[in-house]
Amino acid sequence: MAALSGGGGSSSGGGGGGGGGGGGGDGGGGAEQGQALFNGDMEPEAGAGAAASSAADPAIPEEVWNIKQMIKLTQEHIEALLDKFGGEHNPPSIYLEAYEEYTSKLDALQQREQQLLESLVFQTPTDASRNNPKSPQKPIVRVFLPNKQRTVVPARCGVTVRDSLKKALMMRGLIPECCAVYRIQDGEKKPIGWDTDISWLTGEELHVEVLENVPLTTHNFVRKTFFTLAFCDFCRKLLFQGFRCQTCGYKFHQRCSTEVPLMCVNYDQLDLLFVSKFFEHHPVPQEEASFPETALPSGSSSAPPSDSTGPQILTSPSPSKSIPIPQPFRPADEDHRNQFGQRDRSSSAPNVHINTIEPVNIDDLIRDQGFRGDGGSTTGLSATPPASLPGSLTNVKALQKSPGPQRERKSSSSSSSEDRSRMKTLGRRDSSDDWEIPDGQITVGQRIGSGSFGTVYKGKWHGDVAVKMLNVTAPTPQQLQAFKNEVGVLRKTRHVNILLFMGYSTKPQLAIVTQWCEGSSLYHHLHIIETKFEMIKLIDIARQTAQGMDYLHAKSIIHRDLKSNNIFLHEDLTVKIGDFGLATVKSRWSGSHQFEQLSGSILWMAPEVIRMQDKNPYSFQSDVYAFGIVLYELMTGQLPYSNINNRDQIIFMVGRGYLSPDLSKVRSNCPKAMKRLMAECLKKKRDERPLFPQILASIELLARSLPKIHRSASEPSLNRAGFQTEDFSLYACASPKTPIQAGGYGGFPVH
């Protein structure tokens, strides 16, 4: 640091000695004054000091640039050290000394850089500048944008180029990630980083250009009347008559046309480009792919011990990073409207979690979310029962219990007393205790599979059933009560696309009994026997899955482990969402307190669930992300991230938001609307994902819009109309082209 400062000071001092004769005429004195000014050790004195300061000022921007390069070089040294020794829990002491030396040097360089920036921005004019006044340089930067557009942004200290140009780019339908920024220096364009401080570029001109590989086109708008459920992509309000881009699917009202992005960006290919560029320039070593300790909850096997030296270095508060990433990680704004309990995750024991605390109004969620789809059908056309329609859950219960207005007209005291007595009787019959199956009534058969929290058997109880024995040998009273509370909600689930809950048992151990499904799982069909489904069948499977999840969410039930292993197909391809687990028995308990830890099927986990930074990461939108992965399996026939064999690397990249499924692998005959829906469900930010009522409406609209092959009207089939073979003898109606025997008609002689 001393050598660096001394060198810089000599350069400035030399300039002072050569340029200011009134300062004493001694080049050495000018050098001393320049060095003092550069190091910030003393204030310049009158006379020679003023001349040296005046001569050194023009060199400050150049010194700032040099310091910036030194900072970059120091950071590279730190990253190289971390690449070499960062994965070791007890690195050598010489490595720690070198690490501390580089970080101290980096802090000093950054502090000196800040001092120079302040002197550059808040510089006061000297006597020479008063004698020769110049127009003050405005702290602005001129920027040339794509499509021959330009703008001017203020050069504020501490603000990056990205933040300064973000608004201007968004108004033109662009994002910084799809553009590159250049500065003009010596007549040449030199690229600069988006995280560069804008104050370093005061008075310069920047050029923003779209990257070559970014699919950027102009919109192709058409007027459209949306007869099904659709929302404006700008104001998020209901859309009936408006416009839609045929390329990117952007929908809007006529009054919102001024807010439409000017450019049409294919974000699917853009995400793929970012991921490929990231892996190309920033490979993640295997020893560094484990998730940082601060992002993993306590108790996770992936987190190193807190008293080791390695994690302290990896999570050091210094500006350097252990792994080079494009920008610092910022967790998405989490939605705290739904307060649900939590539990451990398992790759083979899925879970449906029940919110027994407070019902959730899906209308409010839909209103806040909006949806970027092609629109969809009204939920009235859905085969979903009324309980799955969007709306307040209290209203749904009222609809289920009141068949019509006639019951409301019963106001006599006798009828109301009878109703109350009937309700009490039904309440006693429908209690949770009546759903408990006594010990000895279930005949347990062959073992089907096992997971971290239970084992599934095929059993007999008034027919074939699936019995899931839970790994809880001696439940505490708190666990047993929570288990019964959740069973009280599960017993009310009745839907064609949900495995039927039939009961539970507590002796000899906790177990739940569900309907037995004769078919195989969707995972078995797609990845084991590789069944080749037609596209219309795949879309129907997606529709039924969305319909079942829509019903669960309307019941305030979060699945929390939706994946292709838990979706079963009957022989007639009827979808059954199953493997109901319970959050109570899948959590780590200490007395009456419940704790969480990261485990489960990582391929289907949303980024916010992987991070586990919030007390409550599970929500309706986390199920939507898992459904997006299921859609990816349906449309590609393979699992995501099949090219990455390191589980920790997948956890790190998905949790940080740098890895998403490659949508370019979908089948060629996959509809564009389905691909857009898949991209919406796989949004990295939770609040940007749609909800299942909108997803179901879009899939139903897509299914109705697919071309269907009908029987030709020119080739009728009498069998299809209900005729039997005996009926043909009753009607001697010959075809017009059939030769007619002359014996039937006397007008033709017979020769």
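A Cβ is built for glycine as well, from the same backbone N, Cα and C atoms used for every other residue.
According to Swiss-Prot, the listed position annotated as phosphoserine out of S308, S322, S348, S450 is S348. For the residues S300, S432, S642, S717, the entry in Swiss-Prot flags phosphoserine at a single position: S432. Considering only the recorded positions I448, V456, D561, C245 (Zn(2+) 1 binding site) has D561 as its nearest partner by CA-CA distance. Note: the Cα of K563 (ubiquitin cross-link) and the Cα of C256 (Zn(2+) 2 binding site) are spaced 39 Å from each other. In this view, K563 (ubiquitin cross-link) is surrounded by 23 other Cβ atoms within 10 Å of its Cβ, with every protein chain counted.
Looking only at the binding-site residues C232, H253, C264, the one with its C-alpha closest to V456 (ATP binding site) is C232. The Zn(2+) 2 site is set by C232, C235, H253, C256; from the centre of their CB atoms, other residues of the chain with a CB within 8 Å are D233, F234, R236, K237, L239, G242, F252, R255, E259. Predicted-model confidence for the domain 'RBD' (139-211) is 85, expressed as mean pLDDT.
Between the CA atoms of I448 (ATP binding site) and C264 (Zn(2+) 1 binding site) there is a gap of 51 Å. Spacing of H253 (Zn(2+) 2 binding site) relative to D561 (active site, proton acceptor) is 38 Å (Cα to Cα, whole number).
If you compare Cα positions, G454 (ATP binding site) sits closest to D561 out of the recorded positions C232, C235, C248, C256, D561.
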